[in-house]
Amino acid sequence: MGNGVQPLDPVAIQMGSLSVKWYGVIIASAVVIALLLALSEANKRKMDKEIIVDLLIWAIPISIISARIYYVIFEWDFYKNNLGEIIKIWHGGIAIYGALIGAVLTAIIFSRVKKISFWQLADVVAPSLIIAQAIGRWGNFMNQEAHGAETTRAFLEGLHLPEFIINQMFIDGIYYQPTFLYESLWNVLGFILLLIIRRTKIRSGELFLSYVIWYSFGRFFIEGMRTDSLMWGDFRVSQVLSLLLIVLSIGLIIYRRLKMNPPYYMEDKFGKVAKKK
């Protein structure tokens with residue numbers, strides 16, 4: 001590679017013809033950390049930990065499938081002529097918003113089946129979701145994907161980035177914006193924010209909705225820097241969805257406060273049967 005810059009090896013473990021990539025290791029680590037955090041949060045909320053484990057068992061495969069379906073829908077011009085590629089998820093092509101949609105739908109159905117409050121469940125897992133996303137973006141870093149537009153080494157050095165990040169952003173002779181890093185840091189800040197505001201006088205469900213608003217706001221601007229956006233005509237799909245989610249979440253907060261009077265988050269004790277609020 002030009003300039004003598006070598007990218008990091010995306011393969012973590014090589015055993016004969018079997019290779020385990022850093023992307024998979026990082027995503028798996030993110031899931032484990034998210035699970036441990038959610039279990040800890042469930043314990044504080046007096047929630048049965050098995051509920052979190054059971055939800056995860058359903059949410060992981062459904063989220064992967066929905067992330068793939070979401071990606072295929074907006075890349076249909078390619079997949080309609082390559083139908084066999086649809087199931088080849090190992091070739092790449094999943095979308096985080098698709099995964100989140102699948103996870104939320106799973107949680108809604110799961111909470112109804114278990115007769116528990118979706119909002120209580122969503123509040124418990126919200127910090128776990130955003131920290132998992134922060135960690136997961138480093139899988140994109142190892143694959144040299146989800147980057148932004150062309151830039152210069154001088155610009156990256158001006159950000160005071162470690163050398164290994166600058167070198168990894170040198171792809172095919174060109175330096176690119178590390179949008180993976182921008183989103184990862186934004187999510188870390190969001191995680192800290194959620195830990196702070198959960199101690200304030202927010203209502204049940206608003207921790208999760210705050211997560212949606214925070215993530216969507218950052219994603220809207222970061223998506224505008226990326227070069228691999230899924231498109232819907234002339235619009236970036238993730239930007240459109242981000243705006244819709246922000247409006248929907250703010251609307252839900254206002255509506256629930258005016259019409260449903262949900263309990264305060266810190267006072268909303270978990271119960272087996274969800275109350276109508």
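Placement of Cβ uses the backbone N, Cα and C atoms for every residue, glycine included.
The structure displayed is predicted, hence computed values, not measured ones.
What Swiss-Prot says about this one:
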TRANSMEM  22-42  transmembrane segment
TRANSMEM  51-71  transmembrane segment
TRANSMEM  89-109  transmembrane segment
TRANSMEM  116-136  transmembrane segment
TRANSMEM  177-197  transmembrane segment
TRANSMEM  205-225  transmembrane segment
TRANSMEM  235-255  transmembrane segment
Where among 89-109, 116-136, 205-225, 235-255 do we find the most Cβ pairs under 8 Å to the transmembrane segment (22-42)? 116-136
Residues sitting near the transmembrane segment (116-136): Cβ under 8 Å, six or more positions beyond its termini, same chain? 26-27, 29-31, 33-35, 37-38, 41-42, 45, 47, 51-52, 55, 96, 100, 103-104, 107-108, 110, 183-185, 187-188, 190-191, 194-195, 198, 204-208, 210-211, 214-215, 262, 265, 268, 270-275, 277
Checking distant contacts: for the transmembrane segment (89-109), what same-chain residues at least six beyond its ends satisfy Cβ-Cβ under 8 A? 55, 58-59, 62-72, 74-75, 118, 121-122, 125, 129, 133, 136, 143, 145, 230, 237-238, 241
